[in-house]
Amino acid sequence: MLILTGLRFGSIGLYCLAFLFLPISRGSVLLSIIDVPFEQATRYHIWLGHLTMSLFTLHGLCFVVAWAMEGQLLDEILQWADEGIAVLPGVISLLAGLLMWVTTLPLVRKKNFELFYYTHQLYAVFVIFLALHVGDFIFSIAAGGIFLYVIDRFLRFCQSRRTVDVISATCLPGGSVELVFSKPANLRYTALSFIFLQIRELSWLQWHPFSVSSSPLAGSKHISVLIKVLGEWTSNLKGKVLHMSGTEGEYGLRSQSRSKITASVEGPYGHEIPYHLTYENLILVAGGSGISPFLAVLSDILHLTNQGKPCLPKNVLLIWAIRKSNELRLLSTLNMESICPNFSDKLDLEVRVYVTRESHPPLEEGNIGEDISTSVSPLLRGSGMSVLVGTGNRIWSGAHVISSAVGFAVLMALLDIFYINPLNIATWWYKGLLLVGCMIGSAIIFGGPVIYLWHRWEKRAVVAEEADDREKDDGSQQSEHFKTMQEGVVPKDRPVARTTHYGARPNFEEIFTSVSERWGKVDIGVIVCGPATLQSSVAKQCRSQNLRRGALHPVFHYNSHSFDL
């Protein structure tokens, strides 16, 4: 009974495994087609991961208990049969899976993200030894989803091999670092996109996700991210920037750059459609470093308003909860007046800031441009990001998937005709290994040429655009924000309608009720970026307001822009 029960658990686990890798194929054309961004698909991977490992653990326990009752536990565990199930590879696969599973627990992942990240690289051991355990026929149940992940992983590997020069690195007050990267003009992204970043001077293995803090309209040659210093990796990054600027203390004066930061970038990822522009009324709720994507959103709206585009947000309320008032200066990195002169005549923008850890304003307000440590490279055309992944070309991405799939079928057919059948190979574990080898080989041998042609095609487009740019004034491609950072000073902007509340947290019931009365019967887009508790509070209030809304009250549309790996 235990053995039969264990077999059933294992079979169900394989069907769950078939879908486990699909949500984390972040560069896959599949997610693009169904319009599910990676940050939202990740939660399905987490749920499926817990379910899959629970089933596989029960599968293993049933067999262990049954073999122990028969007194054959050690002999059975060490068995590696040529025909049928090979037990020892299954034990190795299960142990690798358990190590990954344990480190995904919030208590471990949040305190030691590096441990979680490195142990998750055991997925290769988990998959390969699973194929050795069950053989090619049974492994084919889950092979489809794994194969799509292999295709996506090879594509992302090709993109991330390019090193991207950091044009500007800036230490901002409040413990934040802004990095500006070089990018080709034809790289498409939205204000709510994000990238995965690797700094090779800090680590060759660690990749961290960050929201884009610059609008795609702010400059065709660069893209920026705002990074909050929270852990060891971000602290080392801040130290590197301070060293580049020749600063000894936490903040200091700007000097000439002493070295370069080289980065590898994957992405950008996220919604291909800028859904924040589909609402005429917006409520943006940020917690701490969650302000980063909303700086890009505001820049996006201001640029489009300045261009006279129709159907744009007319009312925007930004709610920002921070711990200390020194973070307020991050708002000054967005020079609203230079983007859209007299924007207050066209856009009703209100900013409400809640400083939760201070009961009174600081005694010295100071100049918002002081205490900035900056290292700037004057080059606008460095080693730009690759356009292979993210919000890229669906035709090339689809061609890459199709060519890899056709190549896999061709390799399997050739293997059967010229190797397996003539030599009468019947070893299950060996045929499972050949299947995994064909999956990897087809992605490289057949998908590789498509990636090369894709790269050449995009490079030709970049060269053509650069030739057009040379006919124009070189300075016209440089954003006002980037010009200002070259001078080492954060711009002084004309104040917007901003209120700062000290020693208080936002009362969302009061805020949303007030907005309902002022804005009337409209659709309001609510976008939240911050901790899980903040998201939960806002989502609860949106639901409450919609349930008791009157005929002349608005409808709140909740959107989350946060994810936790």
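Start at 1 and count along the chain as shown; that gives each residue its number.
Cβ from N, Cα, C; glycine included.
Here is what TrEMBL says about this protein:
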DOMAIN    159-275  domain 'FAD-binding FR-type'
TRANSMEM  12-34  transmembrane segment
TRANSMEM  46-68  transmembrane segment
TRANSMEM  80-102  transmembrane segment
TRANSMEM  122-151  transmembrane segment
TRANSMEM  401-420  transmembrane segment
TRANSMEM  432-454  transmembrane segment
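Outside the transmembrane segment (12-34) by six or more residues, the chain places 41-45, 48-49, 51-52, 55-56, 59, 130, 134, 138, 141-142, 144-146, 148-149, 151-153, 155-156, 159, 266-267, 269, 272, 388-391, 394, 397-398, 401 with a CB less than 8 A from a CB of the stretch.
If you average pLDDT over the domain 'FAD-binding FR-type' (159-275) in this model, you get 79. Beyond the ends of the transmembrane segment (122-151), by six or more residues, the same chain brings 14-15, 17-22, 24-25, 28, 30, 85-87, 89-90, 92-93, 96-97, 99-100, 400-401, 404-405, 408, 428-429, 431-436, 439-440, 443, 447 to within a C-beta distance below 8 angstroms of the stretch.
Long-range Cβ contacts of the transmembrane segment (432-454) within its own chain (Cβ-Cβ under 8 Å, at least 6 residues beyond either end) map to 127-128, 131-136, 139-140, 143, 146-147, 150-151, 154-155, 158, 388, 393, 396, 399-401, 403-408, 410-412, 415, 420. Counting only same-chain residues 6+ beyond the ends of the transmembrane segment (80-102), those with a CB under 8 A from a CB of the stretch are 49-50, 53, 56-57, 60, 108, 119-120, 122-123, 125-130, 132-135, 426-430. Applying DSSP to the domain 'FAD-binding FR-type' (159-275) sorts its residues as follows: 16 helix, 42 strand, 59 coil.
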